[in-house]
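Residues or ranges marked as region '3-dehydroquinate synthase' in Swiss-Prot: 1-393. The NAD(+) binding site annotation in Swiss-Prot covers 44-46, 79-82, 110-112, Asp115, 135-136, Lys157, 175-178, Asn186, and the record cites sequence analysis as its basis. The annotation 7-phospho-2-dehydro-3-deoxy-D-arabino-heptonate binding site is assigned in Swiss-Prot to Arg126, Asp142, Lys148, Asn158, 190-193, Lys259, 273-277, His280, His296, Lys365. Positions annotated as Zn(2+) binding site by Swiss-Prot, on the basis of sequence analysis: Glu190, His280, His296. Annotated active site, proton acceptor per Swiss-Prot: Glu269, His284, His1189, in sequence order, evidence recorded as sequence analysis. Residues or ranges marked as region 'EPSP synthase' in Swiss-Prot: 406-863. Annotation comment: Swiss-Prot describes Cys845 as active site, for EPSP synthase activity. Residues or ranges marked as region 'Shikimate kinase' in Swiss-Prot: 882-1071. Annotation source Swiss-Prot lists ATP binding site at Gly886, Met887, Arg888, Ala889, Ala890, Gly891, Lys892, Ser893. Among the features that Swiss-Prot reports, region '3-dehydroquinase' is placed at 1072-1284. According to Swiss-Prot, the active site, schiff-base intermediate with substrate annotation covers Lys1218.
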Amino acid sequence: MSVELAKVSILGKECVHVGYQIHEHIVKSTLEHCKSSTYVIINDTNVSKVPYYHDLVSLFEKSLPEGSRLLRYDVKPGEAHKSRETKADIEDYLLLEGCTRDTVIIAVGGGVIGDMIGFVASTFMRGVRVIQVPTSLLAMVDSSIGGKTAVDTPLGKNFVGAFWQPQFVFVDIKWLETLPQREFINGIAEVIKTACIWNGEEFARLEANAETFLSVVNNSQTVSVFSPHHNETVELTYTNIESMLEHTYKLVLESIKVKAHVVSSDERESGLRNLLNFGHTIGHAYEAILTPQALHGECVSIGMVKEAELSRYMNILSATQVARMVKILAAYGLPISVNEKWFKELTLNKKTPLDVLLKKMSIDKKNDGSKKKVVILEKIGKCYGTSAHVVSDEDLRFVLSDETLVHPFNNIPEGQNKVITPPGSKSISNRALILAALGKGTCKIKNLLHSDDTKHMLNAVQQLKGATISWEDDGETVVVHGQGGSTLTAPSEALYLGNAGTASRFLTTVAALAKKDGKNDHVILTGNARMQERPIGPLVDSLRSNGLKIDYLNRQGSLPLKINTETNFKGGKIELAATVSSQYVSSILMCAPYAEEPVTLSLIGGKPISQLYVDMTIKMMDAFGIKVTTSTTEPFTYHIPKGNYINPAEYTIESDASSATYPLSFAAITGTTVTVPNIGSASLQGDARFAVDVLRPMGCEVTQTATSTTVTGPPRGQLKPLKHVDMEPMTDAFLTASVVAAICNNGTTNTTTIEGIANQRVKECNRIEAMVTQLAKFGVRANELPDGIQIHGVNSISELRQPSDAGIETYDDHRVAMSFSLLAGMVNSDKKDDESSVRILERQCTGKTWPGWWDVLHSQLGARLDGAEPSTTKSSEVKKSVVIIGMRAAGKSTVSKWCAESLGYRLLDLDEEFERQYGKGTVKDFVAESGWDEFRKEETRIFQEAVDKYGDKGYVLSSGGGIVERSESRQALKRFAESGGIVLHLHRDIEETIVFLKSDPTRPAYIEEIRDVWERREKWYHECSNFTFFAAHCSNEIEFRNLRHVFSNFIRRVLGAEKIPVPSRRSAFVCLTFEDLSDHLSKLDEITYGCEAVELRVDHLSSFSSDFVTKQISLLRAATKSLPIVFTVRTVSQGGKFQDDDYDLLESLLKVALKNAVEYIDLELTLPNNILYNVLNKKSNTKIIGSHHDFAAKFPWDDAEWENRYNQALSLDVDIVKFVGTAVSFDDNLALEKFRSTHTLKPLIAINMTETGKLSRVLNNILTPVTSKLLPSAAAPGQLTLAEINQLYHQIGGLPAKKFFVIGSPIGHSRSPILHNTGYELLGLPHHFDKFETEDIEVVKKELLTREDLGGLAVTIPLKLDIIDSMFELSEAAKTIGAVNTVIPLGKNKFRGDNTDWLGIKNSLVSNGVPSSVSGSAGLIIGAGGTSRAAIYALKQIGCDTIYMLNRTTEKLQKLKSEFSEEYKIVVVESAEQTESIKEQVSVAVSCVPADKPLDPELLNKLERLLAKGTNSSFKPTLLDAAYKPSVTPIMKLARDKFNWNIVPGAEMLVHQGVEQFSKWTGAKPPFKAIFDAVTQE
């Protein structure tokens, strides 16, 4: 196949040549027209892998004339190398090769190469000739045309460059064959852009060919080819360009023509050329945030939609044109919103804050100073004016946000008179599409509503092959080519209908007419979450009774539906309950002519709802050739004959009468005039009566002809309430009437009563309830009636209340949003200069029926609008609750209490809530009386109510074991998890559970074996939960406390209450390669000494079952005190043991990791994209390490492989990059360090394996993989212990030896030296800790604070206060406690004073079973000395509500209390009698009195009374004695023996405060157990 070679002129020269397979033409033209001694082909290493590149180079070499030479230069790929440094490297190469001014440079590549090499050519030898050979679609149509060249700088893209026109641009379509699919689609954005601004005909051609294009590109394949340049087989994408060659050639050529024309008219971008930036002002702002995950064209696509919406908002571009643009971008596979699910996943759910977008937009070359300029469209193919226009931040904010601020309508002039034409009726549009699709012949439908609903309907009609659709009149007319229903067939994919209720009901019956297509023997209708709650049951029941097989795939009575195509629509007598929705009636009516027999449709259950809509359907069927007759003998019965619709040549949709109520009501409330020119008394729609039946009685002047309606409102504040109005003929309009009624008051009454609207409870939301709820925010009282609403209007407009910043909920309901947009503007509208505003949420939902409503309200009716980010008030109030599920006896009740205490949440036990509501006994009693099935139904109801009420309010909901038994409960659990809630599966070993349950008589008995119950439920627990915690069996109190501690850390990390930051200093993790950790638990603590994390090599485990792996994670956490886990499944090709291609098992293991909330997942960058993105989008608070290993020593550190993988890691936005090479020579370590120094955008772990590579491990900065002497072998060649790394680092000068001292007097018995020196020795640190005894601070200043090798000071009495004056800064703890026990050098003779005594107290308590948050409990402190101050601070930090203090004398305590703020809630206990009034649980105590003196009897009496108040604590009450000799003090003995308190010796406090010092000084993680043992041994 071939196409003709086209030549396009730029600046008077035919220099752009476009064709297919034009290598010979490229070489011939270059050698003929650009004679030179030296030709240099410059490309990136990705292009040099393509065989077509080698064909070009080979042909060039063969064709060179004598005396000429060809040089080639490869650069590293990617935007990161479009830099001044790369440019300099290229120039140095050219100079070294002796290139002179006659050199011709040929740039072969995408936009990065074209831009950069063009800039090289413009400056080398003050300018040499350049030829562009673009290889990507984006480069072909954009960057290669026009002579703009540049490189990036750290401050921005393309900031340094020049205009330098190429001699030729050779555009060879053949290059696109190997362009990756996403890059291909990325380039299409620029093609569509040029058609939008200049070429309407080409836009229409692009529309017509979209399906073919996307089909070809999406079916591209990966092929293996040999690359001579790389001497290896490489994988490339192959797209069958020849199958759409004419279309591709044309789209490239036409796009180039537009840009060439514009460039020729305005080469230096002074005016016309900036039209080429349509979509780029906003698109570039998105790109700046979303790069590198999002591509340029993807962001420009979103930018085009936003800038088109801005044009519509300014009343310049029609809604139809915007709809066409949105449709074509989506049709070519481009994103149209940052909120599209696939695009959000691709960009890893990055946020695009409004203020950041505006800031990015302010840095744009089109701007006029601080004024932002945007290209405005007039219509498809034509811009508004000849350059970009200045737009306000206010308008930009509106377009960019989904929340609207409506300012008071105090700017609307009296006497304003407007003509507003609402879009086509949704009801008529949807019916017309169904009738035309079922009809025979071509029908041109005019004024069709372009909305989400009709978009879904059009797509569905085409998917069902019911008709072909085309467009005329710039998209204003839809042309339906109907086939009389004969071609309806089942599609291979589900019909997605969003929240389009009308479409779902009409299409249910249409789908029943479809025939089987090959293997496709059913049609699935589905929609969004709200659509899957809306009712469709009566229609389905009716169709089922007529012989059709229809299944619900989720909840009964709602979508999704599965409609079998092998059963037929029989017809005959059909009965239908029509008291809920008239759309059920219309659905059967419209499809009835295609039943096997004539249909008699009887509506049962009472008077049908919305009769006027049924009449509308019948009248429209008549217009399409089928006459329905109403029975004269049976009520609400219709006879429909068999037949085919005959499509009228043209059908015009009248405007939507429901939508017309909004501008007409605007006139009513503002005292102005509005005319709707195409809705009058002859309308098919019941809502056309709104002005006459509602607004006129309210006091408006109404003029209505057969085809138009005009409303003039009375002076503001003079509308009258309606005593009663039946809105059954126009139910959708009740919302508009309600907001108008909110400001109605005739002086004697203010109550409006609306009835006949019961069906509004099952629309997009329960609209009656929504209206009552939201009106209340304006201070308007309303109440529900059985089939209506009563509104009690305010006495005057000035009484309308300003809603809070949380805003007005719209419930994703277009009519709620539009109605409240009117009332919002009336708030403060009586105050002339008031700038307040009312926030309306989810404004985009108006796209369902009137996408341009806000534009009309703003640009035509004159309202002032602004946009806003979602309110922080609202998001800060949301505390996602935790639902705990699991088998009976898994420990849910206990763990739920732990959970609530750890998070500061409230606890609701759902079984207890059931018993409270039941009121007649226990669950066991109810089951005995009513059976399990009834209990399960009630359980579901109570759970759903609890989630609705408490789901965002910080609750722990503890469920019964069988909550997963009912499908409805499972769906509710899944929905809660999908909405961001935590559904935690608490799991225990099933064997232990069985033993326990068999011995517990208090629970209702299972009617089957416990193991069978578990096997049935197991999969449900897994599928309903988004997190899992395995609670190991505890055989003693210590294990139980440890489990609580581990769980507390786990749940706080899940909720983000405890963050695990990526280390910013030297750190390590130890690698475990055991088959089963349970055999090595006693050694794990010591193995992990000094490490910030521990790697679980899952590929080495003996089993990959999810249960086994979950247990291993649990064991590891318990044994290492919740040390962060690196979860690694290393594949064989990356040096591990896991099979390379077992992706299903790998995905299941990664899912286990995510559900167990491991702190890190090592994700190999060679894995398929779908696995990578799946993990990245579900990672929650888990950090991702993107890793790549080169075991074969195939890639030196300057190879493009590492660069490509680094760019890949950046695009995936992993948290840490981990690269492991293999050192062959010592120089490989130096090459690695050079790579490390230039790759600093992400934390980087970079090491070399083998003995030769050990230096790289020593020099690595963060999370270096290490081994331990206690492990049988290292996990990788050359791996070192942490101590070895530190010793080597010291020896090469990286870790200078420091001196540390404890200062004060007396310190002869101080354990600090042994504490710290033990840690230094174990971790291989070169430091030494000694005693320095003195009482004189001046000696300390002179002899210690001046030492250059000083690492830190531990300060004890009497210097804790004296040292403060020598400190440059103090920590918050030191300031509050008023003492310093830790001195940290800051450099330059400056020091920071800190206090770790409080951490010694806090961590001693927490490590002995006290929750990290004890909210609801009180604390107790005995003593008034210096340690008491630290104790006060510590107890406040763990959340004690009140702190009680005891001492022999209270004077010191009163002074101490006065030195702390009231928020500490310190209560000095003066007498024993005072303790009687204390009602709180006293659960935590710290003794700060000497242990070598007997306690005062009165103090002892008060102490005993307070210790007695710990008996009902939710955790075991715990006392710490700060004295560490003797090991059990008298107070400890009293608390333990008499009051059953848990006791903690002072030695633990000593060690805990000491290891905190150790960590602050060295940055290393101290080996706690070894230090503790060393300190406490006598």
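For all residues, glycine too, the Cβ spot is worked out from N, Cα and C.
Other than Gly886, Met887, Arg888, Ala889, Ala890, Gly891, Lys892, Ser893, the residues of this chain whose Cβ falls within 8 Å of the Cβ centroid of the ATP site are, in sequence order, Gly961, Leu986, Arg988, Thr993. The local packing around Ser136 (NAD(+) binding site), expressed as other Cβ atoms within 10 Å of its Cβ over all shown chains, amounts to 25.
Within 8 A of the CB centroid of the Zn(2+) site residues Glu190, His280, His296, the other residues of that chain are Leu138, Asp142, Ala189, Lys193, Gly279, Gly283, Gly297, Cys299, Val300, Gly303.
Using a 10 angstroms CA-CA radius around Asn158 (7-phospho-2-dehydro-3-deoxy-D-arabino-heptonate binding site), none of the binding-site residues in Asp44, Leu176, His280, Gly886, Arg888, Lys892 qualify.
The Cβ of Met887 (ATP binding site) lies under 8 Å from the Cβ of Gly961, His987, Arg988, Ile990, Thr993, Val1013, Trp1014, Arg1017, Tyr1021, each of these being in the same chain and 6 or more residues away along the sequence.
For the pair Leu176 (NAD(+) binding site) and Ala890 (ATP binding site), the C-alpha distance works out to 59 angstrom. Taking Cα separation as the measure, Asp44 (NAD(+) binding site) is nearest to His296 of the binding-site residues Ile192, Arg273, His280, His296, Lys892.
Put simply, Lys82 (NAD(+) binding site) is 20 Å from Arg126 (7-phospho-2-dehydro-3-deoxy-D-arabino-heptonate binding site) when counted between their Cα atoms. Summary for the recorded positions Lys82, His280, His284, His296, Arg888: the Cβ-based neighbour count within 10 Å is maximal at His280. Of the recorded residues, His284 (active site, proton acceptor) and Ala889 (ATP binding site) place their C-alpha atoms 56 Å from one another. By neighbour count, meaning other C-beta atoms within 10 Å, the densest spot among the binding-site residues Gly886, Gly891 is Gly886. Long-range C-beta contacts of the residue listed as 'active site, for EPSP synthase activity', restricted to its own chain and to partners at least six residues apart, with a cutoff below 8 Å, comprise Thr810, Asp812, Asp813, His814, Val816, Ala817.
The most densely surrounded of the recorded positions Arg273, Lys892, His1189, judged by C-beta neighbours within 10 angstroms, is Lys892. For the binding-site residues shown (Leu176, Ile192, Ala889, Ala890), fewest C-beta neighbours within 10 angstroms: Ala889. Of the candidate binding-site residues, Lys82, Leu276, Gly886, the one lying closest to His1189 (active site, proton acceptor) when CA atoms are compared is Lys82.
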